[in-house]
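I have placed the structure first, in the form of C-alpha cells, so that the comments after it can refer back to it.
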Amino acid sequence: MIQSAAPSCRRWWALGFAAVALWVDSTSGWTTQRPPMAGLRRFQSSAWYMSSSSTEKPTTSGTINGGGGKQKAASQPKKTAGIVYDAQKIRNFSIIAHIDHGKSTLADRLLETTQTVAQRDMEAQLLDNMDLERERGITIKLQAARVLYQARDGEMYCLNLIDTPGHVDFSYEVSRSLAACEGALLVVDASQGIEAQTLANVYLALENDLEIIPILNKIDLPAADPERVAEEIEATIGLDCSGIVHASAKTGIGIDDILERIVQMVPPPPAATGGPFRALIFDSYYDAYRGVIVFFRVMDGEVSQGDKVRFLASDAEHDVTEVGIMQPNQVPVDCLHAGEVGYLWGNIKDVLDARVGDTIVLAKEYKESASKGKSPPIEALPGYADSVPMVYCGLFPVDADQYESLRDALGKLRLNDAALSYEPESSGAMGFGFRCGFLGLLHMEIVQERLQREYDIDLIVTAPSVVYKVKKEHQEEFFIDTPAKMPDLGRNDVALEPYVRMEVLTPSEYNGAIIELGQERRGDLIDIKFLTPTRSTIVYELPLAEVITDFFDQLKSRTKGYASMEYSLIDYRASDLVRLDVKINYEMAPPLACVVHRDKAQSIGRRLCASLKDLIPRQMFKIPIQACIGVKVIASESISPMRKDVLAKCYGGDISRKKKLLQKQAKGKKRMKSIGKVNVPQEAFMAVLKLNE
C-alpha cells in the first residue's frame, strides 16, 4: 500500500499497462477499482458532474452513464450512482458552411479550447480522418464529438458537436445530421461573403427548425469586410446580425464567445417522459473487427449495453455489445439517455441494416407494442428516405485479371457507403466491369480515387449519365440508367429526364454570362435577385444531364472563379430525347453512346466524331467513325491510315512490278480492316464530357 505524508490525502494513480485507476485513501487504507480508461486526462474529460450549483461535488466519481433505470421527467434530474443526469445541460449543435469557409478549423479550435483533445494530440482537420479529406480540404464522412464546457455562469454543459459533409452531393446526410441537433453554427467567410452552399445549408437548417447562430470567420484576413458580409446575411437570410460573433478559427479569436452563444441560444433537447426508446441514425461505418459502428442521437428513452435493438427500415435485430460516446475517440459507457449522442455496435455485418435516417428501437418494447395490437408498434422518426443514385457510370479494369479484385473492392467500399450501388456489366469493347450509381459527380470522383489509391486498380471510366424515364404505349414506365439501353421511341412514346433547380451566386457583372450559359444548356430562367448592389443570385431550372458534364467548369471559367452554385432535384419532365450511337470501324461502341436532345444531336455528333478522330491512334488501315441515330448516320469522320512506302525498293524498271506491289498492299489492308481491332484510349470515353464546349 502506498502511504501519504498528509492525512486524508487522496491521489489518483494510473497503471498504464492495465488502464486501471486506483483511488487510495491513506487513512482508511482501502482502494476502489475504477472503469478502464486511457489515462487520467481521458477519465477526467469523460466525467460529467451536474448539479444546481457549480461548487457541489458528487460523493462518488464516475461517468454520466454510470447505471441504468428508467428516465424521470425532464424537470427532475436523474441521479445514477451519485451522478446527476440533466437534459437541460445538453446542447446538440452542428456547424454548416460553404466549402473552405473554415468549418473543420473551427471544430478543431472548439475541441482545443475546451481541452477535449490534449495539445500534443491536436492536428489540423482533426475530425477529418481520410487522406482524401485532408488533401481536398473537404469533409466526406461526418464525425461527432462530445465537449464538456464550464460556462461563465459556473455550470458545466455537455456540448455534442455533429460535423457534417459540406458538399451538395451529400445533402441527405446533412439533413439527417441536422435533424439530430437543436442548433447550428452558420460560418461565413468575412472576406468572401455568402455563397451558394451557405444558402442551401441554411434552408436545410430552417426545415429542421434549428436555432441558427451566425459567425463571421477569418476576420484576421486583410480582405475581410465584416460589415458588408453582415448586411448580406441580414438581407439574404433575415438573421439578426447586430451581435454577430467575429471570429478567427485559425488564431482562436472569438472561440469563447461562440461557446457562450451555444450555451445561451441553442435550446436543450426535449426529454421524453417514460416513452419507448427511439434513436435517429445519422451515420455508420464498417470496422473490420467490430462490424458496423452506428452513430445515433437518442430522441426518447434510453439504451444500455446488452439490450437488443431493432432497426425499423430494415427490420434487422442485433444485441448491443457496446454503447459509448465520442470525445472524439470512442469511449464506452453503460447507458445513453434521451438527448445524448453516441455510438453502438453489436456484430452488425451489413451497413444496409443501419441506414442513415433510420430509427432504432428496443426489440422488447417493439414486440410488447405489437402484441397489444398497435400499428405501427412504435412510430418511426420522420424524414427517412433511401439514397437514390443520381449519376451512373461504368467502371472497367484495364487488366481483365483484376475483375475479381474490382468486385471485392466495390464490396468493401459498399460496407462504408450505403449510397453506392453497383451491378455487373459487360461490353464487347471493354470486357467485364460494373455499372455504378453515385449521389453526384464528387461522390463518383471520390469512389474512383479510393479504388485506384487504396486497392491499386487501374480503371477505365465511361462518361457519367443520369437516370431517364421512358413511357411506352400500353406499357408501364421504366427507368434507364445506361444510354445503350435507351429504346427507339415510337410516335406515342415519351422520354422524361430529371430536372434540377439551380441557384448561382455571383458578382452582378457576370449576370449576362451566366444567363447565356443557362440558355445554352436548355435552362429556364426563374428569378434574379440582387442581394447587394454588387452581388446577385440567379435561379434556373435545367436538365441534370446538362449539369453533370462540364457545367461547373464553364461557370467558373465565365465568371473568373467568383460564382458558386447549388442544385437540387425537382422532378422529371418530358423531352425530345434520342440515343446517339457511335460506330468505330463499323462496330458499335456502347460505352460511347449518349442520350441527347434531338435539336442538339447533329452538332454533338460532329464534335464527338472530331474528338474521337484526334484521340484514337492511327492504324495501318482506314478507320471510319460514325455518329448514328438508329440506322441514320448524322456525322462521320475517318482516321487516315499510316502509309508504308512499298515502292521504296523499286528503282525504276517495269511499271507492272510497282502495280503488283500496290495491289498486294491494298489486299493486305483490306484483310486487316476486316479483322483488325481498334484500341480506344481512356481519353476517348471522357470525350463525351466535353461535347458542350
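Note that Cβ sites are derived from N, Cα and C of the backbone, with glycine treated the same way.
Among the features that Swiss-Prot reports, compositional bias 'Polar residues' is placed at 51-63.
As annotated by Swiss-Prot, region 'Disordered' applies to 51-78.
Per Swiss-Prot, domain 'tr-type G' is recorded for 88-270.
According to its DSSP assignment, Thr164 (GTP binding site) is coil. Sequence annotations record features per position, and here Swiss-Prot assigns GTP binding site to 97-104, 163-167, 217-220 based on sequence analysis.
In the shown protein chains, 25 other C-beta atoms lie within 10 A of the C-beta of Lys103 (GTP binding site). Each of the binding-site residues Ala97, Ile219 was scored by how many other Cβ atoms lie within 10 Å of its Cβ, and the smallest score goes to Ile219. Summary: among the binding-site residues (Asp100, Thr164), the fewest other C-beta atoms within 10 A of the C-beta are counted at Asp100.
Mean pLDDT, taken over the domain 'tr-type G' (88-270), works out to 81 on the 0 to 100 scale.
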